[in-house]
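**Student:** From Swiss-Prot, here are the annotated features:
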ACT_SITE  293  active site, proton acceptor
BINDING   336, 342, 372  Fe cation binding site
BINDING   351, 372  homogentisate binding site
């Protein structure tokens with residue numbers, strides 16, 4: 001949505017990344033000068049939602065205080081849900097060094113909501129060790145009805161590819177369209193509505209440290225994803241009673257509990273642990289204006305840091321519209337073998353390193369040290385292109401989840417009918433040009 005900040009405020013958003021926000025849906029619902037008064041305004045309950053340890057350094061501490069109609073503990077006991085699609089187990093299929101690519105999956109033919117429509121493609125690590133990630137697709141054709149969800153295993157970075165999605169969370173509402181992303185923190189309860197009837201996209205489930213903006217180094221004080229373009233919702237609440245279901249993801253399994261009211265009953269909240277969205281089209285792309293294609297780290301939107309400086313548990317990178325001005329240079333992303341592992345998706349358009357076969361809604365996986373790069377057609381065009389004039393790449397948006405750990409496919413991904421068995425052939429047309437007598 002190309003809205004001004006005034007319009008975004010009118011639509012119910014607050015600007016900034018990890019700011020200390022304060023918002024109330026009823027006047028005076030936030031206590032003044034304290035977090036947990038003896039009696040909260042309007043007969044509300046005070047509840048703290050902690051996203052980091054109590055003693056985490058202040059610059060990294062994430063928590064919010066919620067003022068709600070009923071505490072989060074009010075529900076019946078959870079029971080295990082038997083299912084085999086939304087997982088955190090990545091040891092059932094030996095990971096392969098082969099390059100892998102999947103065509104876009106078809107939409108479901110039976111009524112399927114957001115949670116039932118999630119299928120796990122790959123991942124590494126796990127929620128018990130609080131490191132690594134799960135990579136999933138979602139395919140849905142029905143809004144969640146009388147059903148709510150939260151993820152205790154990690155925060156969810158959601159990348160819509162087809163269809164608008166409305167995330168109605170306990171901390172407010174976010175309307176998201178393709179080429180925007182949304183991040184739902186660990187533990188935040190929500191339901192998903194589908195304004196367009198169908199929706200498809202990607203999810204990165206982050207088991208590790210919270211996503212943050214990367215340091216800019218010599219880029220300076222501005223660039224890449226600017227903090228003011230991240231939008232957090234204002235408080236909005238539901239006061240509904242009925243026969244509802246609360247679904248939780250906990251240690252790789254889904255659990256369900258009966259709940260007699262909507263858990264989206266937060267009337268006011270303050271803090272810096274909250275859902276947010278970001279429009280990828282606002283990314284300030286940095287590139288070379290002399291020669292050579294820089295490393296893809298210049299396209300970094302969000303990172304989940306590890307304990308090793310310079311190494312992230314997850315990098316979220318995008319490849320959007322941009323100008324290529326490098327002279328006498330191979331302009332597409334170069335051939336590469338990487339210590340890290342790369343899972344890519346395409347939101348819209350054509351990816352500049354692949355002329356065919358990588359369609360919007362599809363995905364690819366290039367694991368540690370697996371060779372990859374432009375296909376034969378792209379190489380042929382790029383090596384004969386006129387580089388004396390700039391080239392404008394338009395109408396495209398691809399992304400990458402990059403991790404230092406090997407990304408291990410699930411049985412679903414390894415045996416999927418959408419797996420392109422002939423993917424390797426896109427490089428077989430790369431011919432020998434070597435001649436020791438001609439430089």
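Just so you know, glycine gets a Cβ as well, placed from its N, Cα and C.
Let's see these features in context: how buried, what's close, how far.
**Tutor:** In the three-state DSSP classification, residue 293 (active site, proton acceptor) falls within coil.
Non-local contacts of residue 336 (Fe cation binding site) by the CB criterion (under 8 A, 6+ apart in sequence, same chain) comprise 371, 372, 373.
DSSP classifies residue 372 (Fe cation binding site) as strand under the three-state reduction.
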**Student:** Which site among 293, 372 has the most other CB atoms no more than 10 Å from its CB, taking these as recorded positions?
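**Tutor:** Its Cβ has the most other Cβ atoms within 10 Å: 372.
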**Student:** Report the same-chain neighbours of residue 351 (homogentisate binding site): residues 6+ apart in sequence with Cβ closer than 8 Å to its Cβ, ordered by sequence.
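**Tutor:** Listed in sequence order: 319, 344, 358, 396, 398.
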**Student:** Tell me, how many other CB atoms lie within 10 A of the CB of residue 342 (Fe cation binding site), whichever protein chain they belong to?
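**Tutor:** That number is 21.
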**Student:** Hey, for the Fe cation site built from 336, 342, 372, who else sits with CB inside 8 A of the CB center?
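**Tutor:** Near the Fe cation site, beyond 336, 342, 372, sit 337, 338, 366, 370, 371, 373.
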**Student:** Roughly how many Å lie between the Cα atoms of residue 342 (Fe cation binding site) and residue 293 (active site, proton acceptor), rounded to a whole value?
**Tutor:** 18
